[in-house]
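S.K.: Annotation comment: Swiss-Prot describes 1-14, 69-75, 189-195, 257-272 as topological domain 'Cytoplasmic'. As annotated by Swiss-Prot, topological domain 'Lumenal' applies to 36-47, 97-167, 217-235, with the evidence given as similarity to another entry. Summarising the annotation, Swiss-Prot assigns transmembrane segment to 15-35, 48-68, 76-96, 168-188, 196-216, 236-256 and lists sequence analysis as the type of evidence.
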C-alpha cells in the first residue's frame, strides 16, 4: 500500500509538471496571437516579440523538462520521450522563429536576414533567456510539486563531464549536424521535417547529453547554466557560445564553399 501511494504521488507530480509545461506553451501561443494582431505594420517590433516569446517558451519548458528528467533515473527512455514530444510541440508552435542565436547567425551569413533584424532577434533571445529564469523561478516558488521546492535556488550544476577540448568538439559537432539538417531539410514536407528534426535532436541529446548536456544553443545554455557562467565564465563561454558558433561557421564553409568547389573541380576533370 505504501508503495502504491508513493507511485501515485510520483505520477501526480509528473502530470503536474507536464501540465505546467503545456500551460507555458499555451500562454505563449496566446501572447503570439495578440502580438500578431497588434504589430502587423511594425516588422522589427513584431519580430522582437515573437522571438522573445519563443525563447521564453523554449527555456521555461527545458528548465522544467531537465528537472523532471532528473527525477526519473529508473526510466532511461522517459527523458528522451519527453524531449522528442516537446521538440515536436516547439516545432509546431514556434514557426518563423529560431530561439537560437546560431540559427540567426546562419541566416545572416547566408544572406537571408539583414544585420539589423538579426541584432533585434539576438537581443530578444537574450532577454527571453534571462527572463525565463525569473518566470520559472516564480512558478517553482508555488511549490506545485515536491521537486520544485528543492530546485528553486538555480544552483550551478556543471554539466561538462569531459575536458575542455572534447566539450568544444561535442557542442560544435552537435551544432554542425543540427543546422546542416535544418538547412538541407527545407524541401522536405513540413510535417515530416518536424519529426525528422525532433528525432535528430533526441539522438544528439542521447549521444552528447552525458558529456556536455548537448545544448548547442547559446541562449538556452545561458538560461540553464547562468550561475555556472558567473562562476566559470571563460569555460562556459567557450563551450556553449563559441563552440556552437564554430559549428555554424564550419557548416557554412562546407555547404557554401567547399562542396561547390569540389563539385566544380570534379565536373571540370570529367570534361577534360
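Keep in mind that glycine also has a Cβ here, set from the backbone N, Cα and C atoms.
Any idea what these are sitting next to in the structure?
M.R.: Within its own chain, the topological domain 'Lumenal' (36-47) is flanked in space by residues 116-117, 120-121, 124, which lie at least six positions past its ends and keep a Cβ under 8 Å from the stretch.
Cβ atoms under 8 Å from those of the topological domain 'Cytoplasmic' (189-195) belong to residues 88, 91-92 of the same chain, restricted to positions at least 6 beyond its ends.
Cβ atoms under 8 Å from those of the topological domain 'Lumenal' (217-235) belong to residues 55, 58-59, 62-63, 66, 99-102, 125-126, 128-130, 132-133, 154-160, 164, 241, 244-245 of the same chain, restricted to positions at least 6 beyond its ends.
Note on the transmembrane segment (15-35): residues 46, 49-50, 53-54, 56-57, 60-61, 64-65, 67-68, 86, 89-90, 93, 139, 144-145, 147 of its chain, located 6 or more positions outside it, place their CB under 8 angstroms from a CB of the stretch.
Below 8 angstroms of C-beta separation, residues 14, 17-18, 20-21, 24-25, 28, 31-32, 35-36, 39, 79, 82-83, 86, 89-90, 93-94, 96-99, 120-121, 123-125, 127-129, 131-133, 135-136, 139, 147-148, 151, 219-220, 223-224 of the same chain, each at least six residues beyond the ends of the transmembrane segment (48-68), sit close to that stretch.
For the transmembrane segment (196-216), the residues of the chain that approach it from at least six positions outside its boundaries are 80, 83-84, 87-88, 91, 102, 159-162, 166-167, 170-171, 173-175, 177-178, 181-182, 185, 188, 224, 239-240, 244, 247, judged by C-beta separation under 8 angstroms.
Beyond its flanks by at least six residues, the transmembrane segment (236-256) meets 101-102, 105-106, 109-110, 160, 164, 167-176, 179-180, 183-184, 212, 215-218, 221-222, 225, 228-229 of its own chain at Cβ-Cβ distances under 8 Å.
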S.K.: What else in the chain is close to the transmembrane segment (168-188), if you only count residues 6 or more beyond its ends and a Cβ gap under 8 Å?
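M.R.: Distant contacts of the transmembrane segment (168-188): 102-103, 106, 162, 196-197, 200-201, 204, 208, 211-212, 214-216, 238-240, 242-248, 250-251, 254-255.
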S.K.: Residue counts in helix (H, G, I), strand (E, B) and coil for the topological domain 'Lumenal' (97-167), per DSSP?
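M.R.: The composition, in the requested order, is 44 helix, 0 strand, 27 coil.
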